[in-house]
C-alpha cells in the first residue's frame, strides 16, 4: 500500500495557474500567504487596506483553484467512473453540468467527468485576460464579481464531493488537515464578501458550522 501513496501530494489535476512574479497581484498573494501564516483566518481574508476588492477576489480565486486542483489531484485514483457514476455530495445533492456556451442544457455525468468539465471551465475563465487582467492598470469588467461568484460556487462543489464521497481516502493519505484548512479558508473568504448563497452551501452546512463557530 505504501508505494502507491508516495509523492501523491505533488500531483495536480490541471496545470497550476501562476500569478506573474513582480506584479501587484503577486504582492497581494504574498500578503495573503503571510497573513494566513498568522493562523487567524478571519483576519487573513479581510480586504487589505487601500486595495481593490476585484483584485483581492481575483487573486484569492486563483489561489483556491490551485488548492482544489492539488487536493483533487491526490484522490483522482479513487474518483472513477465506477466509484462515482454521478457527481454528488451525499445522497441529497446531485450536480448536472452546463456551462451556458458549449453545454447549454445540464447533462448528468460521472463525478470525474463533471470535475474535469468544471476545472477546465474555471481555467478558461482565469486565462481570459478580459475577465482576469494580470497587467497593471487594466480594469476589471463591471460584472467581474458575478463571474467570480459562479466560479467559487462551482469550486465549492468539488470540496463537497471530496468530503462526502472520498473523506476515507483523504484520511488514508493523511491529507485531512490540509483539506480542512483549505476549506475553512475558502469558507471564511466567501462569507467575508458574501460570494456564495447559503442554499448552495447546504451540502456541507454542518461542517461549515463546526469549522466556523470556534472562530467567532
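Don't overthink the numbers, they just go from 1 along the chain as shown.
Backbone N, Cα and C atoms are what each Cβ position is placed from, and that goes for glycine too.
Look at TrEMBL and you will find 79, 84, 161, 166 tagged as Zn(2+) binding site.
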Same-chain residues at least 6 positions away from residue 84 (Zn(2+) binding site) with a Cβ under 8 Å from its Cβ, in sequence order, are 110, 111, 112, 161, 165
If you count Cβ atoms within 10 Å of the Cβ of residue 166 (Zn(2+) binding site), leaving out that atom itself, what do you get? 23
C-beta crowding around residue 79 (Zn(2+) binding site), within 10 angstroms: 21
If you take the centroid of the Cβ atoms of 79, 84, 161, 166, the listed Zn(2+) site, which other residues of that chain have their Cβ within 8 Å of it? 75, 78, 83, 111, 112, 115, 162, 165
